[in-house]
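Notes follow once the structure below has been shown.
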Amino acid sequence: MSLIMRVLNGNLSLRLSAMKTVCQLQCGYSSHAKYAEHKSIERIRNIGISAHIDSGKTTLTERILFYTGRIAEMHEVRGKDNVGATMDSMELERQRGITIQSAATYTMWKDTNINIIDTPGHVDFTVEVERALRVLDGAVLVLCAVGGVQSQTLTVNRQMKRYNVPCLAFINKLDRLGSNPNRVLSQLRSKMNHNAAFIQLPIGVESHCKGLVDLVQERAVYFEGENGADLRLDEIPQEMRVESQERRQELIEHLSNADETFGELFLEEKPFTEADIKAALRRTCIKRTFTPVLVGTALKNKGVQPLLDAIIDYLPNPGEVENLAYIEHEGKEKQQIVLNPARDGKDPFMGLAFKLEAGRFGQLTYLRCYQGVLRKGDNIFNARTNKKVRIARLVRLHSNQMEDVNEVFAGDIFALFGVDCASGDTFTTNPKNNMAMESIFVPEPVVSMAIKPNNTKDRDNFSKAIARFTKEDPTFHFYFDNDVKETLVSGMGELHLEIYAQRMEREYGCPVTLGKPKVAFRETLVGPCEFDFLHKKQSGGSGQYARIIGLMEPLPPNQNTLLEFVDETVGTNVPKQFVPGVEKGYREMCERGMLSGHKLSGIRFRLQDGGHHIVDSSELAFMLAAHGAIKEVFQNGSWQILEPIMLVEVTAPEEFQGAVMGHLSKRHGIITGTEGTEGWFTVYAEVPLNDMFGYASELRSSTQGKGEFTMEYSRYSPCLPDVQDQIVRQYQESQGMGQAEKKKKKN
């Protein structure tokens, strides 16, 4: 009888909260605006929704906003009403059914303010995920119950690890044909090395998905009423009790291995209370030693409310995450300063700009406040440029809608207008403290395309679009190639550049034509090469004199996208004021290699000695000496071309396995693994990007349209000798070198 009463009370309280939600919807969102600014730090969560493409991130976010009363009705990503999901505010996102830009919002659940950033899943927009995770305290890693751990899931996992972001795993799409949450859990453990276990089990999968079993509270949860808003709590079904006991025991064992306090209880063989398990889940999740796994289907409105409870119960508040700033001292190591997350405003404001966007009222800069308080009318300083900015307007964001606020505190995510900055800049109210926060990791572009406006009259709009997009997106580069007289854009993939081309037409009325994709090769040294170069010029009056001696050598393979400059000079043969000139000359020459005209990378320049003239030496002379020294190394050194290698994942029916493997091998792919399940197989391979163009149409034709693939950048690696010869020959022909050699032979 007591169990039935508990269930009825649970139902009653949940239905009352649903009525409260309806009330909030009818009264506008005043409750969200009213309380969002004034919560204690324990009542705040900053989370991201991240996953591989098409795992259901945006649909899940839409359900979260609906159940928390933030929106009045739900819309589908590819819905028949053509409205699109709330967080996909860009017209292109709604048309293509994919998320292109990360979008921020905030909502309330059980008196807790949850700031949410919904991120793209496509590898071409990976920088959006990168900068979102940089400023978040926790994340929900969404996995498809059919696809499981896929290539972009692994990328997101690496990004979470880089920024030490705790996460919950949510296995979505239980309603899909072929869903297998047990297989996804085993992939979480084997492919991603997560100490993971279920805290929920599905009651049926595919079309039989009825609800879920809560292993912590040992009860069944059913989602009833319109849109699954009413939760009915019941006893665990008879046929699932054995499995539930086994999975609960597995959860307890995983927790006891990860948490010392819980492990002691386990060894003492004491019974565990619900509070014991919840406390251990929270401790281990925050320390990233355990990953709780939840289940559901956002599209069918099952599992979202328990996920919201788990976000509050297990993910950290801003006060439980250590955020650091650094003070640079010349000639010394950086000094680490732990920022104070208290929302009392006693310490100076510290914030990090993580995203720029051109809004209707000018440039919109997204920031996370890490310390102190910021109010309208305050002055803040950019730690990189030391420029002062007066705060005229503070806004909080709900997708593409803005809500003005008067102040923001530590832990808040907000936006400013009219701030000239770059992604990763630190802002503070006290410029004298010389503190800055760690910036955002930005991957190098791997694909280039020629671009030109279709009409010459659109050149002004074209320039405006390029200026805006290159500022917003640090992975989108633009430059003019003087040799071929072409304007080039480079980015993370073909889709990345196609999206920007379409945005130029839609947002600036400037249709453009894209050329064929070009791979961003690199050139590097094979072995060390010494140089001793004297630059001497006398043409009346003061001349130029500079001598530099040193060594250029390759960096380790894991650093082959970097350039290093090391000053090893002792004494005054090369005066210290001229060393920056040498470095500038070195970096300028690295913009264009000798073999293929691509950038140099993976090289360390060691300046060891030299000579100067008391009158004729200058920074310019030493810069030109560096130019000459590198030309000398071009002639005397041994060089090779590096190419981007992609991690490729192909899934197709088993009968096409031979054809798929054959095509990957033909494209110089190295198979790294295969797996099969229920008539389908997945093959993992490393393939040069240069060999992947046109693969989509080949895969479609060879698998009768049933195969699909994803790829993401892995690393740069040396080209095969015949590929290098071909690249060098093509470059020489484009420069007219081949023709000149033929003429010499004829003569």
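Placed from the backbone N, Cα and C atoms, the Cβ positions cover glycine too.
Per Swiss-Prot, the feature transit peptide maps to 1-16.
The domain 'tr-type G' annotation in Swiss-Prot covers 42-319. If you take every residue in the domain 'tr-type G' (42-319) and average the pLDDT, you get 85.
Around the Cβ of LYS57 (GTP binding site), 28 further Cβ atoms fall within 10 Å across all displayed protein chains. Feature annotation from Swiss-Prot assigns GTP binding site to 51-58, 118-122, 172-175.
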CB contacts for ALA51 (GTP binding site) [other CB atoms within 10 A, all chains]: 28
Number of Cβ atoms other than its own within 10 Å, given for THR119 (GTP binding site): 28
Proximal but sequence-remote residues of the same chain as LEU174 (GTP binding site) (Cβ under 8 Å, at least 6 apart): ALA145, PRO181, PRO202, VAL205, GLU206, CYS209, VAL295, GLY296, THR297, LYS300, LYS302, GLY303
Neighbour count (Cβ, 10 Å) for ASP54 (GTP binding site): 19
